[in-house]
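S.K.: Got a structure for you, written out below as structure tokens; questions coming shortly.
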Amino acid sequence: MSGADILEKTTRGATFLMMGQLFSKIVTFLLNNTLVRYLSPRIFGITAFLEFIVGTVLFFSREAIRLSTQRIADGNDADNDHDHDRDDSALQVCVNFAMIPLFIGIPLSIGLIAWQYHNINGYFVTLPFFQWSVFAIWVGIILELVNEPLFVLNQHFLNYGARSRYESIAVTANCLVNFTVVYSYEKKLILTSYFDDSERFREGIAILAFALGKLAYAATLLMCYYYNYLMNFKSNKPFKLSLQKIKSKVNEKQTYYFRSDILEHFKKVYFQLCFKHLLTEGDKLIINTFCTVEEQGIYSLLSNYGSLITRLLFAPIEESLRLLLAVLLSKKDSKNLQLSMKVLVNLTKFYLYLSLLVMIFGPNNSSYLLQFLIGSKWSTNSVLHAIRVYCVYIPFLSFNGIFEAFLASVATGDQILRHSYFMMMCSFAFLINSWIFIEYLDLSVNGLIISNIINMSLRIIYSFSFIVKFYRELHTESSIFMNFTNFKATLGAAALVAILNWQMVGYVSSFNGFITSATLALILLSVILIKERATLNELIINRRAANMKSV
């Protein structure tokens, strides 16, 4: 597969992932807004806690494998004239590595659930069906890990379309089961003689509905991927869905289960992800330690709304970029290097322009939009000020995502290890900064956001330095700083629009002010599109050519 073909598939894949995320968020939003009429806040709290357990087990079981298997290229130890054998060997390597999450996840899930079960408030433990709910959660985790070999195979073939479809179907199944159980109980549609109307029974049913929804999600996902396997792989029997010894093409007497280079990479990535997870979840630990319950609610609100743009836009782009670079730069020829740099530069420019729009129009419009979305009860000064500061944080989040995605895709084991040590230092810096800003300077939620900005800045500097060094060492003719002249020219127009925005509107408090600010945003967007019209025309032409080729 050529570099252009890989780029076309990953670009289309990013679109599929965004559409899948959008569908999932809409369905989940509708479900939550329906169920909130029937459930108490503490039930949402315990389900969020169970969700955290599921996410933690799955993250530590499979995330490092998903990143490591992206580096499995066809035929690393094969001759060039044995394409079919080479493909089969690579597929079995993928399957073997995808069995590791199950070996990690079974003991990890049992240990974590057993530990947390004893720490859960006794009230929840005595609720009806609670033990069955926990068991259903555990079975759902195991089913997701059983599905991992099929997921990794689709990832190997850049099959984003299937993934987006299957995850959307699974999310729908989750929501339908969850809603059906709660609604059936509330309307007394089933087993009315067995159920009672007590609040405890209602809460037990709600937790059971959540657990059965998770189980339905995992089972549906597994069935979809297995159907894909039956349709596309089983008849050819190129590999087995179990741990198998693989013969080395260099020496047929030698066999292995796991390729040594990928295994070493997995170990170092796993070590790094532990610190990355600490930084990702660290803000929750900090705010629970230093902030009041009201402040925790404010930050939870900001995180939930702020994560929408992260999950809908940034996350699909980062995942597609990781896979693109891992495949594209498995062979560092000049053509692939130039293509990878071009993709990175275009993405960086896109994020720069997006950051301009967010930084100029986010702080003065966000508080008005937030009040419009969730009502006036959140209209305290602390909330309105915090959402403005959070808008400044979003660009740092975006750049860190793509730069660390690049590093994760091309870094050697030793470079990943050094990055892990750097992440450890960032963790300590984050803790110290949070204490200073929250406790000493009394900045509350704003202090936590500022600490996150400093943390992201350090990580961006490290990753960007790695990228510049990477291309310099490979003696590429172009510079990573190329083609940013249009952005520099746009900065002048952006500064003028920003001044007009603050002079004419300031902090938006009415619909007329919002329309004026939106008009200025459209003017700046038009300037950006005009300045970058050559790049946009090139992308459109390439997309049309790819579509004609696929017809």
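From the backbone N, Cα and C atoms, a Cβ is placed for every residue, glycine too.
If you look up Swiss-Prot, you'll see 16-36, 40-60, 95-115, 123-143, 168-185, 204-224, 343-363, 391-411, 421-441, 448-468, 489-509, 510-530 marked as transmembrane segment.
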S.K.: Going through 95-115, 123-143, 391-411, 421-441 one by one, which has the most CB pairs that fall under 8 Å from the transmembrane segment (343-363)?
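M.R.: Stretch with maximum Cβ contacts: 391-411.
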S.K.: With an 8 Å cut-off on Cβ pairs and a sequence gap of 6 or more, do the transmembrane segment (448-468) and the transmembrane segment (391-411) reach 3 or more such pairs?
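M.R.: Contact criterion met.
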S.K.: Do the transmembrane segment (123-143) and the transmembrane segment (168-185) come together with 3 or more C-beta pairs under 8 Å, pairs six or more apart in sequence?
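M.R.: Per Cβ check, the transmembrane segment (123-143) does not touch the transmembrane segment (168-185).
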S.K.: Under 8 Å, at least 3 Cβ pairs, sequence separation 6 or more: does that hold for the transmembrane segment (204-224) versus the transmembrane segment (168-185)?
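M.R.: Touching, yes - the transmembrane segment (204-224) and the transmembrane segment (168-185) meet the threshold of 3 or more Cβ pairs under 8 Å.
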